[in-house]
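Student: According to TrEMBL, the record shows the following:
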- Ser47: active site (ACT_SITE)
- Lys91: active site (ACT_SITE)
- 30-104: domain 'Peptidase S26' (DOMAIN)
- 114-156: domain 'Peptidase S26' (DOMAIN)
Amino acid sequence: MGLGNLKQLTPFVKEAFQQTLLVAKFLCGLHVTNTYLCTFALTQGPSMLPTFNLTGDLVLAERLSTRFEKMQRGDVVLVRSPENPRKIVIKRLMGMGGDTVKYVAGPGNNDKEHTIVVPNGHVWIEGDNKFNTTDSRKFGPVPYGLVQGRVFWIVWPPEDFGSVGREVQ
């Protein structure tokens, strides 16, 4: 390869490097946005009926509320499952550290109401579909550090597009 051919390749190498750098910057920005600002999640299953569809909704969750401890009772949250750490679940935040929460143990025990004081540094989460959900009524209070974000918008399906309200029960 002669010096003339090397000079001809230099603009191509420079362009390829610039394009690679642009893609790398985009991917870094995407990573920072997804990790620290907001993320998409797919809901599945019956535990949050009627708030979300059984077949699944695509939702947007912001991560700033959890980082700055601005979560409130009634928020719908993404939580790393205490039973299976590889899984993220979506539930409603029913109690924060120090709160007294009253709950019914299960569908067969509708008369039996339990009361618990949520320990500091923990939250109490429940699915909206009280008769078909695995939540704090089964595994107890969840460490606040497992809360990954606050769901605030339904993106898909189009007929449900809009904000996810805070519901205090």
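Using N, Cα and C of the backbone, Cβ positions are placed for all residues, glycine too.
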Student: What average pLDDT does the predicted model assign to the domain 'Peptidase S26' (114-156)?
Tutor: 91
Student: Ser47 (active site) has how many other Cβ neighbours within 10 Å of its own Cβ?
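Tutor: Result for Ser47 (active site): 23 other Cβ atoms within 10 Å.
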Student: In whole Å, how far is Lys91 (active site) from Ser47 (active site) when you measure between their Cα atoms?
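Tutor: Per the Cα atoms, Ser47 (active site) and Lys91 (active site) stand 8 Å apart.
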Student: Would you list the DSSP helix, strand and coil counts for the residues of the domain 'Peptidase S26' (114-156)?
Tutor: 7 helix, 21 strand, 15 coil
Student: Counting each residue once, how many in the domain 'Peptidase S26' (30-104) are helix, strand and coil under DSSP?
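Tutor: The counts are 12 helix, 29 strand, 34 coil.
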